[in-house]
Amino acid sequence: MGPRAKTISSLFFLLWVLAEPAENSDFYLPGDYLLGGLFSLHANMKGIVHLNFLQVPMCKEYEVKVIGYNLMQAMRFAVEEINNDSSLLPGVLLGYEIVDVCYISNNVQPVLYFLAHEDNLLPIQEDYSNYISRVVAVIGPDNSESVMTVANFLSLFLLPQITYSAISDELRDKVRFPALLRTTPSADHHIEAMVQLMLHFRWNWIIVLVSSDTYGRDNGQLLGERVARRDICIAFQETLPTLQPNQNMTSEERQRLVTIVDKLQQSTARVVVVFSPDLTLYHFFNEVLRQNFTGAVWIASESWAIDPVLHNLTELRHLGTFLGITIQSVPIPGFSEFREWGPQAGPPPLSRTSQSYTCNQECDNCLNATLSFNTILRLSGERVVYSVYSAVYAVAHALHSLLGCDKSTCTKRVVYPWQLLEEIWKVNFTLLDHQIFFDPQGDVALHLEIVQWQWDRSQNPFQSVASYYPLQRQLKNIQDISWHTINNTIPMSMCSKRCQSGQKKKPVGIHVCCFECIDCLPGTFLNHTEDEYECQACPNNEWSYQSETSCFKRQLVFLEWHEAPTIAVALLAALGFLSTLAILVIFWRHFQTPIVRSAGGPMCFLMLTLLLVAYMVVPVYVGPPKVSTCLCRQALFPLCFTICISCIAVRSFQIVCAFKMASRFPRAYSYWVRYQGPYVSMAFITVLKMVIVVIGMLATGLSPTTRTDPDDPKITIVSCNPNYRNSLLFNTSLDLLLSVVGFSFAYMGKELPTNYNEAKFITLSMTFYFTSSVSLCTFMSAYSGVLVTIVDLLVTVLNLLAISLGYFGPKCYMILFYPERNTPAYFNSMIQGYTMRRD
């Protein structure tokens, strides 16, 4: 005997020993094709190991489950509505056989009963393709644990099973459960709706309470995985003890509840997510009320989100805001009246077609218990009943197709389970304006709703405040919620408040939601999309202030014409240019006079021309540096200035030689005069300066560079040289040496004839140049900010003025105002007087 045969043999034995008689017309309706219904009319949360006693539990001994009876009536209503519909299954009567499964305690016996023949036998066969069971399909049960138990049996026979409220993601596995479908979205969508609700209200610090069964464990784990990817942290997770509402708690169970509520009180989290069957929560909420834990937001899973009995604990309104995830509300016309009429609403009780029957088909108190909650059930929009209603219609449409029905008749024939299953997978119809079809996982994509519990009798007790659409995986239509807070403010549930813009997170503890907020320093920014825990440095050409999320381009700073310092220096340069040009004209008109010739003659025109060129180079300091302007700054201007200073130095040396060294070294002086010593010296100095300039340009380059202003980092200074101070020292080193030489020779000639004594003027010019250059280098060694360029230009213009006015100015003064001293006779008399004094 193979494994399959052994399984069937075991099922036959169980069926034979477990069957007991019971009968109630509310549970049975004869018909051409029977549907099996599994509903929790009573609830035993702990279960019973009843197989050890070979005895089926008596469900009527347990707590009545109002919603379960309501769902059973939805199945009865759907069957009777279909039987009265001439367009669907014309000429065919659907029947049903309904069993109370006591939540999880009574699942095996009913499914064996549904699978057996009328004689309660399950024959051993190699092939069950042609096997005919008592029912053609099973609707239910209501929870995932029971559904898996039942599906393991029904899948062996490919007998269609449609559950209306089991949400476990395990049920999507069609290899394990090929005959299982459901008319409710899976746990994946329920959890996603919860998470999107938390994200919408910025709740990232939550508490999770789960029941100790598979439902609580699986959904708690799924929520933990989902929130971890959304930066939502679980402060703690606790398992609630499994308790019956009418059951006395043990001391351990009571202490367990006290401990859990104590942790709720001490936690800073104010959002509590509860995955638990409804009946296990009565003792828990009584303890919450006893300890007066208020101000929380309670998020209910679908198992208790619309439970009317739990809602009847009106004191819960003081605990905070209750939100629940449940199936969308689809009103079914006529159902409320059908439920209120009870069994009498259906057709008269009929005799069974055979003497086969099963147990747990009685519920004496169900109708009265349901009627006591009739108002709340009606106002709540009859939620979930549509899932049962649509499941029955899905089977009916599949039968309609399988039997080849037309508008008036159907071909009644034997229906095998696997044939009906194939047709159910294909159904696609509209029921009360909703499209019903099964996706590849066997689910119907009905919308979910977020409901808020209300205790105002004039309102819907489960008021819809948002909708979740499984196909788009989006939470939409979020409405205003009546928060049980001061001024109706949205409750806060965050371990740490959100950091402000430009603040990085510093983790505190093990939870990513707990952190300190630290400002990003200037020059750094926070990129939330890349790293919220580290501030990134700005690129070199950008800057940021403290606490920024982006950098901005640094302000490029250079001399501009509209600035006051630039205008002032430009006016000085213009004054120097005009005065130098005037001096050139004066010297040209008095070229043959002794003063001009004693000042250097042709050499004066070279100096004045170079000074004019230097003044004309001043504008290249203004505006953004370019290669051409940098070339003028680093080559043309230094060269012009060096030649001018070298002329002064050579002229000083020449005068000293003529009066003091010619008599002592006549031969050397004759060579100096014969071989044009002054011009050779100037040419040598010029070549040396050109070498220095070329070396400097090769070392630093001509391309403009930028550097950050140390006093204001948001400013970038554009200059021609990346190492401005060293370049200035290198470029002016020869000029400083020449100024010292010129000053020395001028000082040596202080006793020369008055007309040749230029010590005062050369000393003034060279001393000013030397002092200003040293001061500029000192200033630049201590400061490298935006003022360097303007100070450098100012010193340059002042040095040019010192030569133009300090050296040539006195000579022009003598030419213009003392013409009698600009004669050969006067100069000869001065030389004779100097010679006589020496003798």
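Glycine residues also receive a Cβ, built from the backbone N, Cα and C atoms like all the rest.
Marked as signal peptide by Swiss-Prot: 1-19.
Counting only residues at least six positions away in the same chain, no Cβ atom sits under 8 Å from the Cβ of Asn84 (N-linked glycosylation site). As annotated by Swiss-Prot, N-linked glycosylation site applies to Asn84 (among others).
For Asn248 (N-linked glycosylation site), no same-chain residue that is 6 or more apart in sequence has a Cβ closer than 8 Å to its Cβ. Secondary structure at Asn248 (N-linked glycosylation site), taken from DSSP and collapsed to helix, strand or coil, is coil. For Asn248 (among others), the entry in Swiss-Prot reads N-linked glycosylation site.
Long-range neighbours of Asn292 (N-linked glycosylation site) (same chain, six or more residues apart, CB within less than 8 Å of its CB): none. Annotated N-linked glycosylation site per Swiss-Prot: Asn292 (among others), in sequence order, evidence recorded as sequence analysis.
Look at Swiss-Prot and you will find Asn312 (among others) tagged as N-linked glycosylation site, backed by sequence analysis.
Taken from Swiss-Prot, the feature N-linked glycosylation site applies to Asn368 (among others), supported by sequence analysis.
Annotated N-linked glycosylation site per Swiss-Prot: Asn428 (among others), in sequence order. DSSP assigns Asn428 (N-linked glycosylation site) to a strand segment in the three-state reduction.
Summarising the annotation, Swiss-Prot assigns N-linked glycosylation site to Asn487 (among others). DSSP assigns Asn487 (N-linked glycosylation site) to a helical segment in the three-state reduction. Long-range Cβ neighbours of Asn487 (N-linked glycosylation site) (same chain, at least 6 residues apart, Cβ-Cβ under 8 Å): none.
Feature annotation from Swiss-Prot assigns N-linked glycosylation site to Asn527 (among others); the stated evidence is sequence analysis. Around the Cβ of Asn527 (N-linked glycosylation site), 12 further Cβ atoms fall within 10 Å across all displayed protein chains.
The transmembrane segment annotation in Swiss-Prot covers 567-587 (among others).
According to Swiss-Prot, the feature topological domain 'Cytoplasmic' maps to 588-602 (among others). According to DSSP, the topological domain 'Cytoplasmic' (588-602) comprises 8 helix, 0 strand, 7 coil.
Under the heading transmembrane segment, Swiss-Prot lists 603-623 (among others).
Here Swiss-Prot flags 636-656 (among others) as transmembrane segment, drawing on sequence analysis.
Among the features that Swiss-Prot reports, topological domain 'Cytoplasmic' is placed at 657-681 (among others).
Long-range Cβ contacts of the transmembrane segment (682-702) within its own chain (Cβ-Cβ under 8 Å, at least 6 residues beyond either end) map to 627, 630-631, 634-635, 638-639, 642-643, 646-647, 650, 720-723, 727, 730-731, 733-734, 738. Residues or ranges marked as transmembrane segment by Swiss-Prot: 682-702 (among others).
Listed as Cβ neighbours of the transmembrane segment (728-748) (distance under 8 Å, sequence separation of 6 or more from its ends, same chain) are residues 634, 638, 641-642, 645-646, 648-649, 652-653, 655-656, 660, 685, 688-689, 692-693, 695-696, 758-759, 761-763, 766-767, 769-770, 773-774, 776-777, 780, 792. The transmembrane segment annotation in Swiss-Prot covers 728-748 (among others), and the record cites sequence analysis as its basis.
In the three-state DSSP scheme, Asn84 (N-linked glycosylation site) falls into the coil class. Only residues 6 or more beyond the boundaries of the transmembrane segment (785-805), in the same chain, are considered here, and those with a CB under 8 A from a CB of the stretch are 557-559, 565-566, 569, 572-573, 575-576, 579-580, 583, 607, 611, 614-615, 618, 621, 637, 641, 644-645, 648, 709-712, 715, 717, 719, 724, 728, 764-765, 768-769, 772-773, 775-776, 779. Counting other C-beta atoms within 10 Å of each candidate's C-beta, the glycosylation sites Asn312, Asn428 are led by Asn312. Here the transmembrane segment (603-623) has long-range neighbours at 558-561, 566, 569-570, 573-574, 576-577, 580-581, 583-584, 587-588, 596, 629, 632-633, 636-637, 640-641, 643-644, 647-648, 650-651, 678, 789, 792-793, 796-797, 800, 803-804, 808, meaning same-chain residues at least 6 beyond its ends whose C-beta is under 8 angstroms from one of its own. Remote same-chain partners of the transmembrane segment (761-781), defined as residues 6 or more beyond its termini with a Cβ less than 8 Å from a stretch Cβ, comprise 645, 648, 652, 724-725, 728-729, 732, 735-736, 739-740, 742-743, 746-747, 788, 791-792, 795, 798-799, 802-803, 806-807, 810. Under 8 Å from some Cβ of the topological domain 'Cytoplasmic' (588-602) lie the Cβ atoms of residues 647, 651, 755-756, 758, 808, 811, 814-815, 821-824, 826-827, all in the same chain and six or more residues away from its ends.
The distance from the Cα of Asn527 (N-linked glycosylation site) to the Cα of Asn428 (N-linked glycosylation site) comes to 49 Å.
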